[in-house]
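**Student:** One structure follows; several queries about it will come next.
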Amino acid sequence: MVCFRLFPVPGSGLVLLCLVLGAVRSYALELNLTDSGKATCLYAKWQMNFTVRYETTNKTYNTVTISDRGTVTYNGSICGDDQNGPKIAVQFGPGFSWIANFSKAASTYSIDSISFSYNTGDNTTFPDAEDKGILTVDELLAIKIPLNDLFRCNSLSTLEKNDVVQHYWDVLVQAFVQNGTVSTNEFLCDEDKTSTVAPTIHTTVPSPTTTPTPKEKPEAGTYSVNNGNDTCLLATMGLQLNITQDKVASVININPNTTHSTGSCRSHTALLRLNSSTIKYLDFVFAVKNENRFYLKEVNVSMYLVNGSAQDCSADDDNFLVPIAVGAALAGVLILVLLAYFIGLKRHHAGYEQF
């Protein structure tokens, strides 16, 4: 179990802010598609969520996160034939649908495209929406994978288009499965190729009953993300990880002098990624709420174990659960004591906004 804390920067004149984060479930989708002979032709297991920004009747903008999918069906998923390639079709919730299309070349197969459709006529999900109807966002990917290889991407992948942000992680997929047996040969995405895949966490649970040994406050560091020659995100904070594994608690302070920061800024989201010798990545995902406000949407943690080994951990792995602070928590309830001074996401103005 891993928690993180943010600590104040000396001299910043901070006010204690406590946030109680609500529960939004996130769980893996899995499809084992078979042909007429009951042999597996396509296998996929993945996690995803969506953030949609829409205009309201009073001419303001709301942002909703779609993570709890309720009942899921896979109607329209096909193995493919001479005329049509394989397809994964998913239906969930009130009017949501998601499709992934595949094709094959001589020695490779490709994830060609992804489309996501949502219904702004659903007043529960999109209250006071100005425009009612079904909207679709199409993304061309063209990810090429060797035939008979299983594609794996545990890292967080983000797609953004037309007011929709799509997040994917813990992805396993193989189309054109040979002889009905999913391959043991894995083809990794570029993000996973940098090092051995570490446990990936995208969920929150209540705090552990065991208490880690107290440790001194971590050193504050300043982390930035640049967009061209401009700084688009700047955060000054101290970070501490509270880890419980096999009922043994420990505390790790993140040293800013040995921590590297990268990231990206888009029109409605920004990513700050930290990594070091012990942390594969610690991702802070920010999202724009309206023209003047942004919020911390989620945090994704992937770290190496104390013994140096790496272990795959998904959100439904009961042996290694990690509470994280997110703008809309992905599961459970977490109280985050936020003492850090954030200098934030620059949008449509010069300078920075205090968060």
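The backbone N, Cα and C atoms fix where each Cβ goes, and this holds for glycine too.
Annotations in TrEMBL come from automatic prediction, not curation.
OK, TrEMBL features for this one:
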- Cys153-Cys189: disulfide bond (DISULFID)
- 218-319: domain 'Lysosome-associated membrane glycoprotein 2-like luminal' (DOMAIN)
- 322-352: domain 'Lysosome-associated membrane glycoprotein 2-like transmembrane' (DOMAIN)
- 1-28: signal peptide (SIGNAL)
- 320-343: transmembrane segment (TRANSMEM)
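Where in this structure would I find these features, and how exposed are they?
**Tutor:** There are 16 other Cβ atoms within 10 Å of the Cβ belonging to Cys189 (disulfide bond).
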**Student:** Is it possible to get the count of other C-beta atoms within 10 angstroms of the C-beta of Cys153 (disulfide bond)?
**Tutor:** 22
